[in-house]
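Colleague: This is the feature table in TrEMBL:
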- B:1-155: region 'Disordered' (REGION)
- B:7-22: compositional bias 'Low complexity' (COMPBIAS)
- B:23-42: compositional bias 'Polar residues' (COMPBIAS)
- B:68-87: compositional bias 'Low complexity' (COMPBIAS)
- B:88-106: compositional bias 'Polar residues' (COMPBIAS)
- B:111-126: compositional bias 'Low complexity' (COMPBIAS)
- B:141-155: compositional bias 'Basic residues' (COMPBIAS)
- B:165-231: domain 'P-type ATPase N-terminal' (DOMAIN)
- B:205-222: transmembrane segment (TRANSMEM)
- B:428-451: transmembrane segment (TRANSMEM)
- B:471-492: transmembrane segment (TRANSMEM)
- B:Asp540, B:Lys541, B:Thr542, B:Glu648, B:Phe689, B:Lys712, B:Arg746, B:Thr826, B:Gly827, B:Asp828, B:Arg919, B:Lys925, B:Asn948, B:Asp949: ATP binding site (BINDING)
- B:971-1224: domain 'P-type ATPase C-terminal' (DOMAIN)
- B:1002-1023: transmembrane segment (TRANSMEM)
- B:1035-1055: transmembrane segment (TRANSMEM)
- B:1085-1107: transmembrane segment (TRANSMEM)
- B:1122-1142: transmembrane segment (TRANSMEM)
- B:1154-1177: transmembrane segment (TRANSMEM)
- B:1197-1218: transmembrane segment (TRANSMEM)
Amino acid sequence: MAIDKDSSKRPANTAFKQQRLKAWEPILTPGPVIIAFIVIGIVFIPIGAAIINSSNKVLEHVIRYDDNPNCQLGQKCTINYTLPTEMESPVYLYYKLDNFYQNHRRYVKSRNDDQLRGIEVTDFSKLKDCEPLITTDGSEDVNKILVPCGLIANSVFNDSISLADASGNLINLTKKGIAWQSDIDKKFKNYPENGVGVINFSNFEDEDFIVWMRTAALPDFKKLYRIYHGQNGPLSGTIQIRIDNKYPVASFDGKKYVVLSTTSWIGGKNPFLGYAYIIVGIICFVQGVVFAIKHKISPRVLGSPKYLEWNK
Amino acid sequence: MHDKDQQYNNTQQQQQQQPSQNDLNSLDQSFDAQSNSSQSNLGWILDSGKKSPTMENQQYTDIPLVDSAAPSGSSSSGAGGSNSKPSLQTISPLHKSNNSSNNNIGEDQYSPPSSLSRAPSSTISSGAARKSTKSSSLRSNKPKKKPKALKKVKKKKYIGSSRNIFINQPERNIPFKFIHNKISTTKYTPWSFIPKNLYEQFRRAANFYFLVIAVIQLIPGISPVNAYTTWIPLIFVLAVTAVKEGIEDIKRNLSDKTVNNLDCRILRNGKFEIVPWKQVKVGDICQVNKGERFPADLVVLNSSEQHGVCYIETSNLDGETNLKQRQAIPQTFEILRSEEDLAHFRGNIECEHPNNVIYVYNGAIQMTDDSQKHPLNNTQTLLRGCVLRNTEWIYGAVVYTGEDTKLMQNSTDAPSKRSTLEKLVNRALINLFIIMFVVCVVGMIVSVILTSTNIDKQWYLDFEQKDVRKAVLNLFSFMIAFAVMIPISLYVSLELVKVAQAVYVGWDVKMYDPETNTPARTRTSNLSEELGQIEYIFSDKTGTLTRNQMDFLKCSVGKMVYGNVEREDDASSNKPYGIAMEGIVGADPKFGFKDRRIITHLDEDKNSEQSFLINEFLTLLAVCHSVVPDRPNKDDSEIIYEASSPDEAALVSAAKNLGYAFYNRDPTGCLVNIRGKIERFEVLNVLEFNSDRKRMSVICRNPQGRIILYCKGADTTVLPLLRKDQEELYSITLEFLQDFAADGLRTLCLAYTYLEEEDYQQWNELYKEAAISIQDRDMKVDKVSELIERNLSLIGSTAIEDKLQEGVPQAIANLIKANIKIWVLTGDKQETAINIGFSCHLLTSDMRIIILNGSNQEDVHNQIQGAIDAYFSDDAENHQNSGFALVVEGSCLNFALEGELKSVFLELAANCKSVICCRTTPLQKAQVVKMVRDTLRAVTLAIGDGANDVSMIQAAHIGIGISGHEGMQAVMASDYSIAQFSFLYRLLVVHGRWDYKRNSKLMLYCFYKNMVFAMTQFWFGIYNSFSAQTMFDSWSISIFNVVFTGLPIIVCAIFDQDVSAESSQKYPQLYASGQKDSEFNLRVLWVWIVEAWIHSVVIFFGVYGLYSHGSTLLESGDTLDLWAMGQNIFILVVITVNFKLAFETRYWTWITHFSIWASILIWFAWVAVLAAIPGIGSTSSGDIYYVAYKIFASPSFWLSIAVLPTICLAPDVIYKYIQRDVKPYNYQIVQEIEKIYGKPSDIMSKENLAKFSKTNDIEEMGVESPQQQEKRKKKRIKFLTWMKSIRHDKVNTGFAFSHANQNKSNKKGNSFK
């Protein structure tokens, strides 16, 4: 049959069109699987160990103070805390809140980024984000706009914490650097002093404020408060924690802590990942060995047609 | 009880039919049954006439149908009355006891006077449905969703019961408001596109759901994420589909435009003017030149040839490339010779309203100056789309335009089919909706409780009393947050994948047939996975299993059989049988019939009976047909016979090769070159073939001046018409016929009778009356024809071989191995069918063959029950054989298809590996398919090539058309078209199996990945007091499905191969998984969903472990916030789901690699870009400025993305490994075989097929032990013995159910399988 080339409808016999592209065709045969599991085990266990090791080297002290009888709400108090070992600088001072839902949907969205950038926002449709705290009394009056508006900004953690050494000398703590530099640069600018609205405070570039405004992921969170850069050498012995307790948490069964912590490459004290690695590593290793033993003792013949159902 | 009575009536061949039955319903039913049985008994070989399924719906009415509006009502009402009324009263006297069902023509005595008086726009007029010539049944059969599928064609309603057209008087046609000739096949207009397309799309549950979600999102304060999270994917999904639809529609529009603006010559103001097609109007006179297409449906008035004859090619309409002859009626071609004649011509045509029955046209023309009406029929019609050939020009009057033309009336969409898998997906979606709803309600309830308990406590949230009530609205917030659980991209991905799969089917070079230059084609792309789930194949025989190239092989004339005694002709042996037909002018040396005795006998003794019969035999072959001669070289050097069926062509060329060459046709006669001398036979009447009559007769005046009727047809329809004194010849011929049939040949009986001039004239009057009637003409003509076709003298019979196509036995044997049950539905006789069954390996020697051939309900019931009791009841176990085959006679099928027998019949049939139904009608074919489809709930596939298979093809889940020799009707109705039956094997086990697995995986995976993603948010709800807060930024959510997880699964679903194509073919048993729905069912879905839950738990709580207690994750002492945790979780989801897919992929092409790795990597780039835009973080879409850089700086982040996916997927791998080790699936073993031994060779390749056919061995190829070879040899011997025994053992044609003598021998033969 002579069919000239143009009219022939014969499909091109290419690898792509004939579904014969070169391909890697892995299947779960014993060799690769056993090796893969054992390798995973061998790699993961040391990693896990390294993480745990680093995590263990991190010194962390968590001191709850809201239940301290000396520290009633509205009072200033001092808690003496003895460090069992000395803490090399930098030491990070955090406050930690428990059972505080900063990630509640009502809360997370309740802010106005423009306002926080120091822009006078008077358009109520734009301020809607700040619900339910837009104006002081809920009316649509430009002059009663809350500055800053929204739940987050109006629930800023306002306890003040400072550290003193055993002898009562204040330890020099740095506030600078506790917030993300990117936030300081781009997201927060001071509100004009004589701007529209009821100005609670206008210093939006305050790093404590910026830290608070970055909402935490989970209801128990800690936020960086101050950094000790070690001008006085490592922290050691008994230190005084001075707290101005103003922030009410009792109503929602919240807890307040002061946290002193050093860091390592992995961050703070959190062995979770380390355990995960070690457990996964061990399981994979054991599994690999079990597979290997099974394969050694009673291997299944690969590709034997007798396993085909219709040959049985 | 009533039912029984009624069925009993049917069995008695309707003599007891009582028109006065009160129950109209039962009357309808019995009428149906009757029409079925009347067909089923007819064993015409050219079994391609077709009956419309709408027969079932037709109304019974006993009013004779007369067009009262017709001016010439008197004559037509006379005809109608005389024919239909007596028929009601006739009670057949011709009733031969029990055996009558086979050889009884009595049933035609009662013909239903059915109604034509349905709405003018009715799909099919029942009268017309009854009649259809061989090639004439391009009729849209809509077994399902009839009204819907037809909706597309705008049906204009015309008033009155017929249309009246004034020729050349445009102003008089105006009141009728005929439709213009401008056509539009587009689905949309520019204005309707958007609303209509959107409406179509939103009919999909998932799309509509997302629309609802998207609208809810617009309500302020409810949505936890930005509105575009839903709008972007939704618009994307809608746009993809809309663009696809739009492109298709634009293409249609362009082609419409081209067509509408084609030029044609129309008589305007006395002159022919060139106007575009769209301006053609009904009643115009039109001139069409050679090679041009007809702009509308025309009635030919005159042509350039003698007697107004013209030839047309109808391939655009039905795909048949042979020329068809059309002829003007004398009354017009005599007076309309020139443009001037035409300009003065006035007249009117009365005809049916537009309908979609091609090749049936009933009308009458009346000249203004002539009181008489002249009938018009199909011979005068030139249909739009056809092309004028071999004729310089024609004049025609336009009768139907635009949407009214037969072409447009037939251009309906095939019934839209949805795959089983897609239906399952909808159930899966419902499951998912329920899960999602439960999750949302749980979230909402908890949220309400928490809000109300904490209303005074959480001062920082500033709750008011109304917020408790508002918390109820959290339901909607949750719905939005979890909307991602429903995979919106599923349908789009699936559509894309299926398009690609369809393209791959067309690209498969192994399904390309070089001989006909046809690749495989997908016509319905959304069924690709259905190909992997087929349980039943219903196959036509002729042209599907066989080549449909007919070879005239044997014949019997009188009491002699001619033809090769052995079919394998030995060219070297010079026996009297082996000599070619030398000395005959124009004889084809390749002519397969090599028995010279027929010529010798013809010449030996001119006065002998035998010589006379041979002469009549050959004359009949040369005269009694509807073949058109074509002379490509314009001279007599070569004559090609254009026949609508290959059988006819074979017979006519056989006559030619034996010296009786059909030379030419003129309007009233037929010229035959009888051994060099041209003789003219004046053709008086042609009683055409149709599927009811299964015979054709020609009444002609032979050169000697005697009127003779030649009749050829199926034995069952011809033999009963014989004269009484033909008993001896009758029985001898019957024996010959059985011999022929046993060889698998197609047989026809030939008979003649001389007519007396007077009788003929009398009859001719009746015939003319019938032929002139406008309505119910076919039925009336049939009835009149019966009056003359009687007292025939038998001449002999012919036997034509229809060779099997290449690779058919191998394909069938392998399909059976794939656990597919094959039913062959053929019009052949039982013996022919059984033999074909053996030669194509549908039946094997170690099968028990059960034959059902009872002639009444009771018999059939007993046979079925007997077979079931004997073989399939509980006591009858342990059969030492490899299966059962069932052979059913068409007449039994009628009983088996209805009422109480249906269930037992199916019980029996379902237990048999293969079923052959002989002597089936097209309607029965469709009924059988429907029965299996609906009752057994099995996935069915019908494959066929002819118009008679259309209803079956449309009834089955998948219809496959063989694009071969018998026109395009089957292909047009099909979902896939292939060139050869053997390609079906590759289509099913390679493409079908792959596509089923791929698409199942795609669906499961889409559900899975979205579930993982959505559920992490649910777990997060525990820690945000179910406030529906999300931790992902809206931008990332909106492209999760498209960018991060969309491509890999699409690539996987297009390219993945669990085993190679060659292995799929070598191990057809692998196919079974699709039949069992084992890749996608609710159980598997739930396994995946639970897995998704586990993965989401691991991911969320893994990250929770990292972030809990406000963990410091950076060496700089910073803590990370909500959005950082969200991004950490997001990438873990992306990595986990992509790796999950990686473990599900086995065929890693570079595209696969690229898609998976790129999808993961692009996330890093994406968040890095997002983090660089200060303004990106808005309050509602996530405060993500700089977040990415923070987490990238955190070692914990990197460590988490190494360990958590491992935790997710290690159990998966462990499970898979153990499963493979302990209880491997078949496909896994095959994978290993491939890995170790390499890919097998293609068992369906040409070389391998050749090897097989030489050894007659179609078992497995691979290396085999001598033992196996031994076994096979034995088996083959057994098979051959059986073949012989069945040939000689004629007794076995009449027994109830037979386990022929093969059963004793196969006790050992079944050991390997």
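Glycine is no exception: its Cβ is also placed from the backbone N, Cα and C atoms.
Walk me through the surroundings of each of these features.
Modeller: Sorting each residue of the domain 'P-type ATPase N-terminal' (B:165-231) by its DSSP state yields 35 helix, 3 strand, 29 coil.
Within its own chain, the transmembrane segment (B:205-222) has Cβ neighbours under 8 Å at 229-231, 233-234, 237-238, 426, 429, 433, 473, 476-477, 479-480, 483, 486-488, 490-491, counting only residues six or more beyond its boundaries.
DSSP classifies B:Arg746 (ATP binding site) as strand under the three-state reduction.
Summed and averaged per residue, pLDDT over the domain 'P-type ATPase C-terminal' (B:971-1224) gives 89.
Same-chain residues lying 6 or more positions outside the transmembrane segment (B:1002-1023) and placing a CB less than 8 Å from one of its CB atoms are 421, 425, 428, 432, 436, 439, 443, 446, 481-482, 484-487, 489-490, 493-494, 497, 1029-1032, 1040-1041, 1045, 1049-1050, 1052-1053, 1080, 1084-1085, 1088-1089, 1091-1093, 1095-1097, 1099-1101, 1104, 1129, 1133, 1136-1137, 1140-1141, 1144.
Residues 225-226, 228-233, 236, 484, 487-489, 493, 496-497, 500-501, 504, 998-999, 1001-1002, 1005-1006, 1009-1010, 1013, 1127, 1130, 1134, 1137-1138, 1141, 1144-1145, 1147, 1149, 1151-1152, 1155-1156, 1158-1160, 1162-1163, 1166-1167, 1170, 1176, 1181-1182 of the same chain, all 6+ positions outside the transmembrane segment (B:1035-1055), place their C-beta atoms under 8 angstroms from a C-beta of that stretch.
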Colleague: Quickly jot the same-chain residues contacting the transmembrane segment (B:471-492) by Cβ under 8 Å, restricted to those at least six beyond its ends, or write none.
Modeller: 204, 206-207, 209-210, 213, 216-217, 219, 221-225, 229-230, 233-234, 236-237, 240-241, 425, 429, 432-433, 435-436, 439-441, 443-444, 447-448, 451-452, 1002-1003, 1006-1007, 1009-1011, 1013-1015, 1017-1018, 1026-1028, 1030, 1037, 1040-1042, 1046
Colleague: Can you tell me which parts of the same chain pack against the transmembrane segment (B:1085-1107), counting only residues 6+ beyond its ends and a CB-CB cutoff under 8 A?
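Modeller: Those are 428, 431, 435, 1004-1005, 1007-1009, 1011-1016, 1018-1020, 1023, 1113, 1120, 1125, 1128-1129, 1132-1133, 1136-1137, 1140, 1196, 1200, 1203-1204, 1207-1208, 1211-1212, in sequence order.
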Colleague: Fewest neighbouring Cβ atoms within 10 Å: which of the binding-site residues B:Thr542, B:Asn948?
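Modeller: It is B:Thr542 that, of the binding-site residues B:Thr542, B:Asn948, has the fewest other Cβ atoms within 10 Å.
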Colleague: What number of additional C-beta atoms lies within 10 angstroms of the C-beta atom of B:Arg746 (ATP binding site)?
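Modeller: There are 29 such Cβ atoms around B:Arg746 (ATP binding site).
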Colleague: May I ask for the residues of the chain that lie six or more residues beyond the transmembrane segment (B:1197-1218) and have a Cβ under 8 Å from a Cβ within it?
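Modeller: Non-local partners: 1091, 1094-1095, 1098-1099, 1102-1103, 1106, 1113, 1128, 1131-1132, 1135-1136, 1139-1140, 1143, 1191.
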Colleague: Does DSSP put B:Arg919 (ATP binding site) in a helix, in a strand, or in coil?
Modeller: coil
Colleague: For B:Asn948 (ATP binding site), what is the secondary structure by DSSP, using just helix, strand and coil?
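Modeller: In three-state terms, B:Asn948 (ATP binding site) counts as helix.
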